[in-house]
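Asks: Let me begin by handing over the structure; questions about it come next.
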């Protein structure tokens, strides 16, 4: 199938503009801004992923993992395997190592987006689709996030690329089976469901019907997929916690018809147009324009149906959260890339173009507006970055018009990265205060043993402790010098152990995460080594 190649780019400069090295630069800038930003472990249940990786490293639970609070992992282990392997390779369990699988998956997804867009719409549109992807909030957020969403999305689009772009060779089915098995081990059945939806759409588009011959070709991949998935399931199904928590709770509440309280079907509509703004709107307008003009409508119609099918799939799931929409967005970037290609060609043909002038003015003025919501040196940095970018955008119209769009993309990354990942006074600031509390604990205890009891799991991670929280009867045997516990638990602990607990440091936060932790000095050992049975029950 030939790519549509919607617009012949008229200038050699514009052809050089769409060279992939620009994308490498944009991705490097986005990664630098994310990697250097304050820790965001309080967002999106990342603390669970951290606990799973630590459990795998310290206790060898490779099939399924547990948090220090004893809760079983609700996601399959592929991300944890990758993170644990990287931790062993670099000899560190720092946050940047645990997040690295998402960054690698983001790089792979960009490559796949480029190749798929080039396959459907041509190389220039592929360049601009990737540029839109990098200059989007949702992608830059999840590319450095300890969650499985980016990894699962990369496996889905890897399978789609193999299906549509690789010739029918003997190993094709086996590779698809391996990729789909990896997708299951990344985030459960969602990946295979998404690939199955695309497979049906692709078969209808190509006019293919099921047959014994096609089933025979697909058989090696089906066998590989079934063996890998069944092996893991047989191992973890023996655990009652897995059956109760993962199957009866997590999976059941995501099935249509579930009795759990759900968001409405239209819940994702606003997120579709805001999480990657303005690219979803540009993609929709591109599709409308193509329909009205009947230009390349066959190709674009397939992309629209593809995106709509994925959107309906996620909307039909009762349990909703905006991060889950990530697999829908690459198709929107493809459509937006086509519009940006046409805009770039128009810019290259005309001596005067209003769009870069307006964009430059918005960047220059908008930076000043955004800077008012930041503080101190950060406000100055945002204002200067966007003003300089706006000025360069306007200057590019006169001397190097082919550079206007990459400069605008860099300006967005700079302004968005500085504001959202640095100036946002939300969970990042909360985590900085939390990390300060943990550092105070390290200073106060001076290397002496600390026992964490029913406190936030990230306290254990920051202190390098990975044992499961003890129950009260275990406290009598441990006899620590220091104890971290929620204040409401202290009377119970003192009654049970006969210890005297003196508070030294405390941290309390009631926002996205409820945290109540206090460092206590254990000033006396138990007066008795055994407790009467009635007190034990008390």
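From the backbone N, Cα and C atoms, a Cβ is placed for every residue, glycine too.
Here the structure is a predicted model, which means the values were calculated and not measured.
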Asks: Under TrEMBL, which of the candidate ranges 129-147, 243-261, 300-318 is annotated transmembrane segment?
Replies: 300-318
Asks: Tell me which range among 265-288, 409-432 TrEMBL lists as transmembrane segment.
Replies: 265-288
Asks: Which range, 20-37, 38-55, does TrEMBL list as transmembrane segment?
Replies: 20-37
Asks: Could you check if the transmembrane segment (265-288) is in contact with the transmembrane segment (176-203), meaning 3+ Cβ pairs under 8 Å among residue pairs at least 6 apart in sequence?
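Replies: No, the transmembrane segment (265-288) does not contact the transmembrane segment (176-203).
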Asks: Based on Cβ pairs under 8 Å, which of the stretches 20-37, 151-170, 176-203, 215-235, 300-318 lies most in contact with the transmembrane segment (324-341)?
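Replies: Against the transmembrane segment (324-341), the leading stretch is 300-318.
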Asks: With pairs closer than 6 in sequence left out, are the transmembrane segment (20-37) and the transmembrane segment (176-203) joined by 3 or more CB pairs under 8 Å?
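Replies: No, the transmembrane segment (176-203) and the transmembrane segment (20-37) are not in contact.
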Asks: Taking only the residues in the domain 'Glycosyltransferase RgtA/B/C/D-like' (75-229), give me the average pLDDT of this model.
Replies: 93
Asks: May I ask for the residues of the chain that lie six or more residues beyond the transmembrane segment (215-235) and have a Cβ under 8 Å from a Cβ within it?
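Replies: Here the qualifying positions are 63-64, 76, 168, 172-178, 180-181, 184-185, 192.
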